[in-house]
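Peer 1: According to TrEMBL, the record shows the following:
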| type | residues | note |
| --- | --- | --- |
| DOMAIN | 7-102 | domain 'Pyrroline-5-carboxylate reductase catalytic N-terminal' |
| BINDING | Ile11, Gly12, Ala13, Gly14, Asn15, Met16, Ala72, Val73, Lys74, Pro75 | NADP(+) binding site |
| BINDING | Asn59 | NADPH binding site |
| DOMAIN | 166-270 | domain 'Pyrroline-5-carboxylate reductase dimerisation' |
Amino acid sequence: MEMPVKKITFIGAGNMASAIFKGMLAQGYPPEAITATAREADHLDNLRQTLQIHVSGDNAVAVADADVIVLAVKPQVMQAVCREIADQVCQTRPLIISVAAGLQAETLNAWLGGGHAVIRCMPNTPSLVGAGASGLYALPGVLPAQREFADQLLSRVGLTEWVEQEALLDVVTAISGSGPAYFFMIFEMMEKAAVELGMPAAEARRLILQTGLGAVRMAQETGEEPAQLKRNVMSPNGTTERAIHTFEQEGMEVMFLKAMQACADRAAEMARELGG
Ligand SMILES: NC(=O)C1=CN([C@@H]2O[C@H](COP(=O)(O)OP(=O)(O)OC[C@H]3O[C@@H](n4cnc5c(N)ncnc54)[C@H](OP(=O)(O)O)[C@@H]3O)[C@@H](O)[C@H]2O)C=CC1
Ligand SMILES: O=C(O)[C@@H]1CCC=N1
């Protein structure tokens, strides 16, 4: 379904915001309906010239006629940014979508003066290539049409999953928000190992990325359990079995649990540190 075009202002135009708005532009969203703000004038000039979106160095001005605001600055600067735009948004009441890790919807609502329709989203950077994965949570009081708009917006750049408990967004952060970095790290480690084993890096990288893509497509398209797909590669007493047993002996499963727990804990910790 074609989504309605609304005026969207991104506060912050860094890795995450630009992944979303570049993904939206690639999907045909009109550039004149998008505004982005940042601190660096050079960065803003570059965005205007390359993407033809509106840009501004003044957050309050940039939200003046916005239907939707996407808060995409680092959590540590969010309170200051909210203070800058609170008066304006209290008059115009746009839909507020935050992509910040940790920060709770009610905290943002309070920083913005209260009574706002706030949706929290945990997207990821593969949104840039239309392969994002976003978790979404809406404060009670957000209208169905506003939920629908946020869903359509993020669906343009990937998959969306709604959670009914806000705390689950910290788990989403541990899965898909931070998850691309885990996979990039695996690619990086496989390439290093391949070079150690004598393969030139460029050839190794091509094989690694295609293997990652193939594994994902196979899991998605067959719908088979990942554990079964893994077993299908493991011939008895074969090569894969040796590799998998090595991973198991070295504690890979425990390591993943620990890393994802640390990630979710950090999101909750940021909420406590910054939310007051
Ligand atoms: N990176 C990721 O994979 C993900 C990030 N997030 C969340 O997205 C948010 C942004 O992260 P990320 O994009 O990585 O960060 P970046 O550092 O890449 O981008 C931050 C952006 O905010 C701008 N900025 C800083 N201060 C202000 C201000 N006062 N007013 C307006 N703009 C300002 C910066 O401007 P300038 O460019 O001029 O420096 C920059 O464009 C965070 O809250 C993070 O938790 C969520 C999911 C995934
Ligand atoms: O590392 C971070 O804090 C952000 C949130 C999820 C991905 N990047």
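Placement of Cβ uses the backbone N, Cα and C atoms for every residue, glycine included.
How about a rundown of where these features are and what they're close to?
Peer 2: Within 10 Å of the Cβ of Lys74 (NADP(+) binding site) there are 12 other Cβ atoms, across all protein chains.
Contacts of Asn59 (NADPH binding site) defined by a Cβ separation under 8 A and a same-chain sequence distance of 6+ are given as Ile11, Thr37, Val81, Glu84, Ile85, in order along the sequence.
Break the domain 'Pyrroline-5-carboxylate reductase dimerisation' (166-270) down by DSSP state and the numbers are 88 helix, 0 strand, 17 coil.
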Peer 1: Tell me the residue counts in helix, strand and coil for the domain 'Pyrroline-5-carboxylate reductase catalytic N-terminal' (7-102), as DSSP assigns them.
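Peer 2: The breakdown for the domain 'Pyrroline-5-carboxylate reductase catalytic N-terminal' (7-102) reads 48 helix, 19 strand, 29 coil.
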Peer 1: Looking only at Cβ atoms, how many others are within 10 Å of the one on Ile11 (NADP(+) binding site)?
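Peer 2: Looking across every protein chain shown, the total is 27.
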Peer 1: Which one of the binding-site residues (Ala13, Ala72) has its C-beta surrounded by the most other C-beta atoms within 10 angstroms?
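Peer 2: Going through Ala13, Ala72 one by one, the largest Cβ count within 10 Å is at Ala72.
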Peer 1: When you measure from the Cβ of Asn15 (NADP(+) binding site), how many other Cβ atoms are you left with inside 10 Å?
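Peer 2: Taking all protein chains shown, Asn15 (NADP(+) binding site) has 10 Cβ neighbours within 10 Å.
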Peer 1: Can you tell me the mean pLDDT for the domain 'Pyrroline-5-carboxylate reductase catalytic N-terminal' (7-102)?
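Peer 2: Mean per-residue confidence for the domain 'Pyrroline-5-carboxylate reductase catalytic N-terminal' (7-102): 97 out of 100.
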Peer 1: Given the NADP(+) binding site residues Ile11, Gly12, Ala13, Gly14, Asn15, Met16, Ala72, Val73, Lys74, Pro75 in the record, what is the largest Cα to Cα distance, rounded to whole Å?
Peer 2: 14
